Amino acid sequence: MGADGTMSPVLTKRRPDQEINKLDIKPNHEVDIARRAPHSKPPFTLSDLRSAIPPHCFHRSLLMSSSYLIRDFALAFLFYHSAVTYIPLLPKPLACMAWPVYWFLQGSNMLGIWVIAHECGHQAFSNYGWVNDAVGFFLHTSLLVPYFPFKYSHRRHHSNTNSVEHDEVFVPRHKDGVQWYYRFFNNTPGRVLTLTLTLLVGWPSYLAFNASGRPYDGFASHYNPNAQIFNLRERFWVHVSNIGILAIYYILYRLATTKGLPWLLSIYGVPVLILNAFVVLITFLQHSHPALPHYNSDEWDWLRGALATVDRDYGFLNEVFHDITDTHVIHHLFPTMPHYNAKEATVSIRPILKDYYKFDRTPIWRALWREAKECLYVEADGTGSKGVLWFKSKF
């Protein structure tokens with residue numbers, strides 16, 4: 001039996017990477033972004049979808065997963081070595097142009113490492129739980145992410161996706177829950193300011209203060225072992241994660257005292273800022289779309305909630321980000337599936353999903369602006385069930 005509770009099938013042969021990379025998971029027709037996704041109970045089950053996927057797609061290979069991690073580490077070292085060796089040799093005007101290139105490349109590569117750590121939390125890295133947690137703890141901690149607390153809250157996000165009462169993050173407000181001052185930011189300058197702050201500090205604010213998260217009584221923080229986010233069994237591991245984060249901060253402090261704060265910010269700080277911005281950008285756009293429903297407890301069920309996500313195209317960054325961007329729907333349906341099989345699985349189930357599958361081709365920055373403008377709160381539209389809620393923007 002597999003870790004996700006399914007019987008381990010006889011494995012079929014995995015396609016070569018060259019074939020997988022050529023798979024086109026985009027629908028072969030333009031999707032009307034204004035056309036709402038179906039919200040009725042789908043005519044298929046999770047078992048139907050699983051049966052349509054080649055069995056090898058569920059196989060988690062420690063060797064294969066490690067090869068992607070080694071690739072990311074090699075790129076991280078290459079970018080670091082190039083930055084510290086060659087950028088100081090450049091004339092100042094060229095150096096000023098080279099540093100942003102390094103920051104973008106290293107920050108993007110860090111997001112790939114972040115995704116592998118996220119897979120460890122889903123037990124998708126290998127068949128060995130202790131390996132998954134050891135690797136995930138090391139990777140996420142090095143990126144200033146408390147591995148175990150995020151693993152626990154993220155698991156509950158997957159268990160309650162698009163439930164307005166029980167989802168964990170990017171929980172939309174009802175119209176009467178929108179703070180009065182939001183109306184003053186519902187314009188171009190306000191959105192620019194809001195988006196900038198959200199991208200820069202949104203991820204650490206969520207971890208530290210549960211910003212945009214599910215409301216809890218008391219101080220809800222991923223660093224607080226007594227927060228209602230966690231049960232008694234999980235609190236010990238919150239302490240372990242906190243110790244790991246403190247150790248990283250101490251290492252950073254020592255680097256700042258020996259190499260200097262400007263060096264540390266240039267080599268590590270700004271790339272982490274880029275990483276954090278990508279985390280917010282990607283997760284926001286995966287779960288915010290004018291055509292996607294949310295549900296209250298009268299209508300919500302797990303399958304419909306998991307289907308109400310959207311895949312998007314980030315161009316060459318899809319591969320850098322291990323396809324968490326363009327295969328997010330399949331990830332919510334089968335979170336223990338490793339990323340390198342997600343494209344093939346998506347292609348396999350798309351004929352069954354039909355209109356339940358959403359792929360938005362809109363360029364990312366245009367989509368970010370549209371969603372920030374149109375996805376301000378949710379409410380029933382009066383034409384169907386009061387338990388099905390849609391994004392609105394008019395006050």
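The backbone N, Cα and C atoms fix where each Cβ goes, glycine too.
Straight from Swiss-Prot, the features:
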TRANSMEM  73-93  transmembrane segment
TRANSMEM  97-117  transmembrane segment
MOTIF     118-122  motif 'Histidine box-1'
TRANSMEM  130-150  transmembrane segment
MOTIF     154-158  motif 'Histidine box-2'
TRANSMEM  192-212  transmembrane segment
TRANSMEM  236-256  transmembrane segment
TRANSMEM  264-284  transmembrane segment
MOTIF     328-332  motif 'Histidine box-3'
Open item on the list: Looking only at the motif 'Histidine box-3' (328-332), how are its residues distributed among DSSP helix, strand and coil?
Closed with: 5 helix, 0 strand, 0 coil
Task: Number of helical, extended and coil residues in the motif 'Histidine box-1' (118-122), per DSSP - done: 4 helix, 0 strand, 1 coil
- [ ] Give me the stretch from 130-150, 192-212, 236-256, 264-284 with the greatest number of Cβ pairs under 8 Å to the transmembrane segment (97-117).
- [x] 264-284
Task: Same-chain residues near the motif 'Histidine box-3' (328-332), Cβ under 8 Å, at least 6 residues beyond its ends - done: 158, 161, 286, 306-307, 309-312, 339, 342, 345-346, 349, 353, 357-358
TODO: Check the transmembrane segment (236-256) against each of 130-150, 192-212, 264-284 and return whichever range has the most CB pairs under 8 Å.
DONE: 130-150
Open item on the list: Using DSSP, what is the helix/strand/coil residue split across the motif 'Histidine box-2' (154-158)?
Closed with: 5 helix, 0 strand, 0 coil
Open item on the list: Cβ under 8 Å, sequence separation of at least 6 from the ends of the motif 'Histidine box-2' (154-158): give me the contacting residues as numbers and ranges.
Closed with: 118, 121-122, 166-169, 229, 306, 332, 335
